[in-house]
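What TrEMBL says about this one:
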DOMAIN    13-410  domain 'tRNA-guanine(15) transglycosylase-like'
BINDING   C349, C351, C354, H380  Zn(2+) binding site
Amino acid sequence: MKLELSRVVQGCRLGLLTGLGKSGQHSLEVPGCLLYTRCATVPHLTQDTLHTLRDLPSVTQVSVDSLAEHHEVLKEFKEGVRKFAGLHDTVLFCSLHDSANSSPAGHVTNKTVSVWGSGGRIELTVARFMAIQAAIQPDCYQSMADGETWQAGTSRKRVRKAVDRTLAHLDECLALHQKTQELKQAEIFGVVEGGDILEERLRSARETAKRPVGGFVLDGFHSAAMDQDVRVQLIKATSAELPQEKPRLVLGVGCPDEVISCVEAGVDLFESFFPFQVTERGCALSFNYTIDPDPETAGTSTPTVLEFNGEMPAVKKLNSNGDENMTPYEMNLKDKRYQDDFRPLVEGCSCYCCKKHMRAYVHHLLVTNELLGGVLLMLHNMAHYLGFFKALREAITSDRLQDFKNRVLHCREGI
């Protein structure tokens, strides 16, 4: 695995992650995202339905917390979760937790961490963690880590202990990795911890970078856990301590404005749990991410995706009366105002949902609890999110990042 950077603009790293997978023939553009799954399946979508989407990420994310209770079955199967779940040709990345779920804190020790499956808490030693990885057979995976220092008010002593534990876990994982036949061709990503304490973040980054890891996971920056300005400052400082040629994946960040801030701070990769969360709220992503290719042609070209979708005031009103987790980047299709709205979810969107169906129909599916509602929303939201990342890369390439930011943040401010 190798990260080939083509340019760095205002801190944003544009490039291609090559040599992925056991064959080494896969690649992934950065900045970009992984394909989010739950128990190795994209929620609401079959594999065939999923592959109606264009430009899917070549890397699929699975998590230990959703697969740990299936360890014995996967171990007996012997061929890994990729074949077990019937996945198409894809690279597998295995994280410790599913960022779409919140987990109870206070269940870590010097030797163990805990994950939460459908049956409750599962305590993991490094040996058990690595045995699960051997059964999953990922192409790359994050090492075991103590990531419970993101809560506000965590003491400096507790943060220091978390960094020490995470480094000790990484050393144990690396030792067992070399002895595990099923993981011979896999890469370990070291985890950078440190809460909101700069000195510990830097120490964690420096020490992790000394180990033979394939990349880095920046943990503890979850959207609900940290002020955005503090997050950006910490990520910038941390990134400066990491080697340029290795990828950086941040966990728990998915909202578009936060993604842009993290990219400017030096992050390469993100999870894609955000479209799933939006779908679960009965909402559709509807923010504008298009910019004119040339400032001189602004206002003279035919409007592209989302140019006609200036519905921010209505969305903000819905936000104040609806789901408290709703963001300004989505519209609540459960609302009555859409029951006789015969437009597509987003004008100009090329996803199956927008080409074949209208807002009124999706509204009907949601209020009657039809399963098809989640399928159509997930298709649209994934297509929209992937389009956002593609537009972000194009904006960096064309030196139009500020125009892109203005367009996206326009939704956040409700201008």
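Every residue, even glycine, has its Cβ placed from backbone N, Cα and C.
Those TrEMBL annotations? Automatic predictions, nothing curated.
Here the features listed in TrEMBL are placed on the structure.
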residue	record	Cβ neighbours (10 Å)
C349	Zn(2+) binding site	21
C351	Zn(2+) binding site	22
C354	Zn(2+) binding site	24
H380	Zn(2+) binding site	27
Residues close to Zn(2+) site centre defined by C349, C351, C354, H380, Cβ within 8 Å: P344, L345, V346, S350, Y352, C353, K355, L379, A383, H384
Local confidence of the prediction over the domain 'tRNA-guanine(15) transglycosylase-like' (13-410), expressed as mean pLDDT: 91
